[in-house]
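**Student:** One structure, as structure tokens, below. Some questions next.
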Amino acid sequence: MLDLKRIRNNSNEIKEALNNRGEKFDVTVIDEVLKLDEERRNILVKVEVLKSKRNQVSSEVPKLKKEGKDVSNIVAEMKNLSEEIKGFDATLAKIDEKIQYIMLRIPNIPNPQVPDGETDEDNIEIRNWLEPTKFDFEPKAHWDIGTNLNILDFQRAGKVTGSRFTFYKGLGARLERAVISYFLDTHTEKHGYIEILPPYMVNRTSMIGTGQLPKFEEDAFKISEDDYFLIPTAEVPVTNLYRDEVLKGDELPLKHVAYSACFRSEAGSAGRDTRGLVRQHQFNKVELVKFTKPEQSYDELEKLTNDAETVLKELGIPYRVVRICKGDLGFTAALKYDLEVWMPSYNRYVEISSCSNFEDFQARRANIRYKEDSKAKPQYVHTLNGSGVAIGRTVAAILENYQNEDGSVTIPEVLRPYMGGKEAIK
């Protein structure tokens, strides 16, 4: 959520920034929220005048009573003032509700570093690692490799649940588990993150806090009778871990890593990478989340991105890093990098991680602040997160980039200790 004071003082700048985003945004709501804000502030002035008058009148009552004078007119005046204040308070509550409704639907403002552009074709490659994998045979898609090795079963998952689910079987299940353990061990032991195992369901307030609601409710799986939501990413519960709290400045940056299953309806994604493991309704992911001071956040974003890159380098999977343009930035991020791995069957790079700085956008929604010391005024933290990285897509990338002509798949060296020393899946 944006700072209302920032909108008030820089409305034209805010409108221009919102106009530059890819998704068409009705900037007239900025004028609407400013009108409501002005109305609210005018009423607050009136309320303060009335309260001052009520206090003044009230202070006269004891003296007049002591003198034996009739105070019924004064008491009646106090009652009228209180009723008038009560009416204004009710009006303020309605105005606050309208302002909140609008503010929750205004996207974040892109950082000046974000390049211009309208679609993912306008994203800018920052760096890459390893050349795309070459084969002297026709490479297979990961869903065919997994099916042929009897380690992935999409057909039976379709029978049991529906499309875009899978069973991992045998060494496929072990490979998934190995990747999860390797990622968690790397981020906790080498990169200094504190591990969290979060709930897989959250309440509506949590989804609002990280920006999934109200805009993206159709993409979420909802437990209607309880108003709970299955988490689309561990970012939601981990960020909300500190909702409505004031952290200590010397604790920052706080770094958490969390493995979780993730659940997404992927509404509107029909036909886009819907075969195999790339775009499933349920998938596993290791998430990196940071809480920082504002002046630290962009340095910490670079570190977080490098942490996510490390596991791809050690796995030996070709990848690149792209800076996301304004039109592809999404609702909550101020600046975002995507890590994309090479997928031979697609003959292109596929996103495996998004690393974002939200600045104070989520912190304002979730009311997460910090104080430098006990006497300091609380300030909003900056929140960051990134996949460290998506598990199913990592398995897909391993199957495709490490496939052999005989149909087997070589296991990356860093995963072999987690696979009982096995060197290949045959």
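The backbone N, Cα and C atoms fix where each Cβ goes, glycine too.
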**Student:** Given that Swiss-Prot assigns Thr233, Ala234, Glu235, Ser387 to the L-serine site, pick the one from Glu176, Glu189, Glu287, Glu340 that the record assigns to that site as well.
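**Tutor:** As annotated by Swiss-Prot, Thr233, Ala234, Glu235, Ser387 share the L-serine site with Glu287, chosen from Glu176, Glu189, Glu287, Glu340.
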**Student:** Counting only residues 6+ apart in the same chain, whose Cβ is under 8 Å from the Cβ of Ser353 (ATP binding site)?
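**Tutor:** Looking at Cβ-Cβ distances below 8 Å from Ser353 (ATP binding site), excluding near sequence neighbours, one finds Ala308, Asp338, Leu339, Gly386, Ser387, Gly388, Val389, Ala390.
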**Student:** Highest CB neighbour count within 10 A among the binding-site residues Thr233, Ser265, Ser354, Ser387?
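**Tutor:** Result of the Cβ crowding comparison: Ser387.
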**Student:** Roughly how many angstrom lie between the C-alpha atoms of Ile352 (ATP binding site) and Glu287 (L-serine binding site)?
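**Tutor:** Pair distance, Cα basis, whole Å: 12 Å.
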**Student:** Report, as a single number, how many Cβ atoms besides its own are within 10 Å of the Cβ of Arg264 (ATP binding site).
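**Tutor:** So the Cβ neighbour count for Arg264 (ATP binding site) comes to 20.
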